[in-house]
Amino acid sequence: MKRSTSYIHCLRLRGWRFVLALIAVAGIIITTGAFGVSSSPALAASLPCDIYAAAGMPCVAAHSTTRALLSSYSGKLYQVKRWSDSATTDIGTLSTGGYANAAAQDSFCSGTSCTITIIYDQSGKGNHLTIEGPGGNGAQDYGANAAALPITAGGHKVYGLYVSAGVGYRDNSTSGVAKNGAPEGMYMVTSGTHVNNRCCFDYGNAETNSKDNGNGHMDAINFGTECWFSPCSGSGPWVQADLENGLFAGGNGSNTSNKGNSSAFVTALLKNNGQTTYAIKGGNAQSGSLTTWYSGAEPNLGGYSPMHQEGAIVLGTGGDNSDGSVGSFFEGVMTSGYPTDAADNAVQANIVSVGYSSSISFPVTGTAYRFTNVNSGKVLDAVNCGTANGTAIDQWASLGNTCQQWKFASVGSGKYTITNVNSGKVLDAVNCGLADGTSVDLWSSLGNLCQEWEVIPTGGGHYELVVENSGMVLDDQNCVTTNGTPARLWQGLNNTCQEWSIAP
Ligand code: AHR
């Protein structure tokens, strides 16, 4: 095909800008040690959206609670809302192109808890994410607790976005995002240790009416352990493509070459030219390069080739607001145009240069703690000091006995069993229930996810206790404060009835 002179000139310009971007990224790699994590990484000269712009596929969305994603950005990263008085404030960067000012959040939320209410778009397109409304398969969502995911990035304390069941963000009226078979790319940095097999921890393109509008109406990265098209390879979690009515590991869905990514920080990448081809990549966001899990034809199952994207942006749920999934989100972008592999590699190198790392120091394994509900002031208690499987759990005034003491034992990746000191039995989600209102009891240790818990800081020395099988939190039933009020499981509501102080 004959190309116009201006088109060739444009390509040359793009080529030179891309070479310059690669030189900048190479400089970062040399400064920080080849793909290593420096103890005090310098700010990157060329950030993900600089790299994609230089390669000719600019960002049309850029979201992060941890850092700027283009070097000229000095605006707002996210908004938090205080539980005590519903006041809001915006959290920005410490410097142009720099890391989030977590100290501003700590100061504003001191003495109370905060919810993340907006994640601002840094691309200039105004595609800000707010708390997701009701959809075809999910009620009004909740915002994430702002203090739930403290980590380190670039040597600075920052917060990631902790998505539990019922948490989701969305923009159904975007600008510049691919529609109806247009090419696009996207990545997110997430975690391989905070996942489940429920639908659907997604970031990317979704329906503008929050309903399942049919095959090809979504083009979003999915990350989790839900194997939609059997067989899958191992137990995941996998980077997959949520193209609507299916989480595709590659090809027509099943792709055992997609081996999964379980590192503490994961780069998850998806791109789709909208007409014939899509690709899935994953990598360790702390070191090394991306693995291409799939690159080839779009599914030939009807509706996916060409694609029918609608151009909304979803984060944390499925296209129809299916919201049983959990996950962590640190940063992500969407591009206009199908990114080159060279650009993807340069973005991965920049992500690695950030030096993302966890900062978990609580709870201490083996210490006997009491869990005091912040609303009721009562402690978590085994009813009548029962020791049998099925013993119910309630809240009672502190009696100083071992029926009200609990010990954590690590099962890895920041998860714990919680053993009642008197009975030796563990805290358990009854029948592995997934519904709001599921009871908790004592049971012999079974080694399953219904007995594994995460201890999530919510600010002010308080915590949520999240059970792994459902992502629901331990809750003071109906916020009642009398002795004997059951503790049970409910989706996160951002109130003090779901907060516990945990002390010896
Ligand atoms: O494709 C998987 C999920 O199916 C989508 O996210 C959701 O819209 C539908 O329920």
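Every residue gets a Cβ built from N, Cα and C, even glycine.
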TrEMBL annotation, disulfide partner of CYS200 among CYS199, CYS227: CYS199
Selected from CYS10, CYS59: TrEMBL disulphide partner of CYS49: CYS59
CYS10, CYS109 - which one TrEMBL pairs with CYS114 by disulfide: CYS109
Where the C-beta lies under 6 angstroms from ligand 1, the matching disulfide-bonded residues among CYS49, CYS59, CYS109, CYS114: none
Helix-strand-coil residue split for the domain 'Ricin B lectin' (450-502), DSSP-based: 8 helix, 25 strand, 20 coil
Mean of pLDDT values spanning the domain 'Ricin B lectin' (450-502): 93
Rounded distance in angstrom between the Cα atoms of CYS109 (disulfide bond) and CYS199 (disulfide bond): 31
Disulfide-bonded residues compared (CYS114, CYS199) - the one with the fewest other Cβ atoms within 10 Å: CYS199
Sparsest-packed among the active-site residues, when each Cβ's other Cβ atoms within 10 Å are tallied, from GLU244, ASP320: ASP320
Cβ neighbours of CYS49 (disulfide bond) where a neighbour is any other Cβ within 10 Å: 25
